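As written in TrEMBL, here are the features:
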- 4-173: domain 'Era-type G' (DOMAIN)
- 12-19: region 'G1' (REGION)
- 12-19, 59-63, 123-126: GTP binding site (BINDING)
- 38-42: region 'G2' (REGION)
- 59-62: region 'G3' (REGION)
- 123-126: region 'G4' (REGION)
- 204-281: domain 'KH type-2' (DOMAIN)
Amino acid sequence: MSKRAGFVALIGEPNAGKSTLLNRMVGAKVSIVTHKVQTTRARIRGVAMEGESQIVFVDTPGLFEPRRRLDRAMVAAAWSGAADADVVVLLIEAHRGVTEGVERILEGLADVGQGRVVALAINKIDRVQAEVLLALSKNLNERYDFAETFMISAERGHGVDALRGWLAGMVPEGPWLYPEDQIADLPMRTIAAEMTREKLTLRLHQELPYQMTVETEGWEERKDGSARIDQLIYVIRDGHKGIVLGHKGETIKAVSKAAREELEEFLGRRVHLFLQVKVRPNWLDEAERYAQMGLEFKDGNA
Ligand SMILES: Nc1nc2c(ncn2[C@@H]2O[C@H](COP(=O)(O)OP(=O)(O)OP(=O)(O)O)[C@@H](O)[C@H]2O)c(=O)[nH]1
Ligand SMILES: [Mg+2]
């Protein structure tokens, strides 16, 4: 059997379960997951092996109607992820069905999907009855010419092997793109910052997660095998700083502990994590912040 390798972009509305699916396919937590929308901000690659096929999954930010500069950069990154891929998998939430957002994505696919294999994955099937699924699948297949339809639960793993097996045969013949044992294509500094952002997002309310970003400032390897990692949390208001710190610093302490534990597990060694909160009213309009996130910064009015 000859080798195959290619890119599979996972696209869909925010919260559809794209990152959950990527992590399951890869078998490790490469992309952060929260119950909130707009968690993923940039394209994140995770590598899965299936027989002689190397499938490079590209997790993308959710597709939605962008309002701010950051939204626009995220949505642009998602569409270009689809445009660069060999195969596109559209994730739809079974219990939400064809929303306005889904309709807009289908309109976009009419263009981006041209000359490209596009599959449909109806996710979160654990939340609905079989009849609902069949009707939804029929409805969606009438709206777009999907190459194949899968019913999955990214969280529980149902239907995921069938999807992976099918994708393995769809990626083009050719040499592998990454070493066999590589699972992600993201600098460790970025993964570490994302872990902290996930823990913060899970604890903070309302708009704050969208107005906050995390960057790894320093990474020092210590002689005893541990690592010292320094990170900055950017917020836009003084009041936000107080919220992130929490009463007597208890929020940031809890976040730091949770992020450190996950990092230690990921790295398989001890980590000393130091977090600092900085008020930066304009970080959402700073090119450097976008570069750190792996997003394109477009000049002009925000
Ligand atoms: N019930 C159920 N929940 C799921 C399933 N897959 C994902 N979820 C949940 O859906 C929420 C969103 O999952 P994510 O993987 O972060 O979704 P996403 O599409 O990456 O979201 P964005 O990054 O914001 O675009 C999380 O709370 C997941 O646990 C599933 O199969 N069933
Ligand atoms: Mg995501």
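Heads up, the Cβ atoms here are built off N, Cα and C, so glycines get one too.
Computed from a predicted structure; not experimentally measured.
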Inset, instruction - From the binding-site residues listed here (Asn15, Lys18, Thr60, Ile125), select those whose CB sits under 6 A from an atom of ligand 1. - result: Asn15, Lys18
Legend entry - For Ile125 (GTP binding site), the three-state class that DSSP assigns: helix
Legend entry - Those binding-site residues in Gly12, Asn15, Lys18, Ile125 whose CB falls under 6 A of ligand 2, listed in sequence order: Lys18
Inset, instruction - Just jot down the residues in the same chain as Lys18 (GTP binding site), at least 6 apart in sequence, with C-beta under 8 A of its C-beta; none if empty. - result: Leu10, Ile11, Gly12, Ser31, Thr40, Asp59, Thr60, Gly62, Leu91
Legend entry - binding-site residues (Asn15, Thr60), the one with most neighbouring Cβ atoms at 10 Å: Thr60
Legend entry - Remote residues contacting the region 'G1' (12-19) - C-beta distance under 8 A, at least 6 residues beyond either end: 31-33, 35-40, 44, 59-64, 90-93, 96, 99, 101-102, 105, 123-124, 154-155
Inset, instruction - Give me the mean pLDDT over the region 'G1' (12-19), rounded to a whole number. - result: 98
Inset, instruction - Could you give the residue numbers and ranges of same-chain residues that sit at least 6 residues beyond the region 'G4' (123-126) on either side and whose C-beta is under 8 angstroms from one of its C-beta atoms? - result: 12, 16-17, 21, 91-95, 133, 151-156, 158-159
Legend entry - Conformational class of Gly12 (GTP binding site) under the three-state DSSP mapping: strand
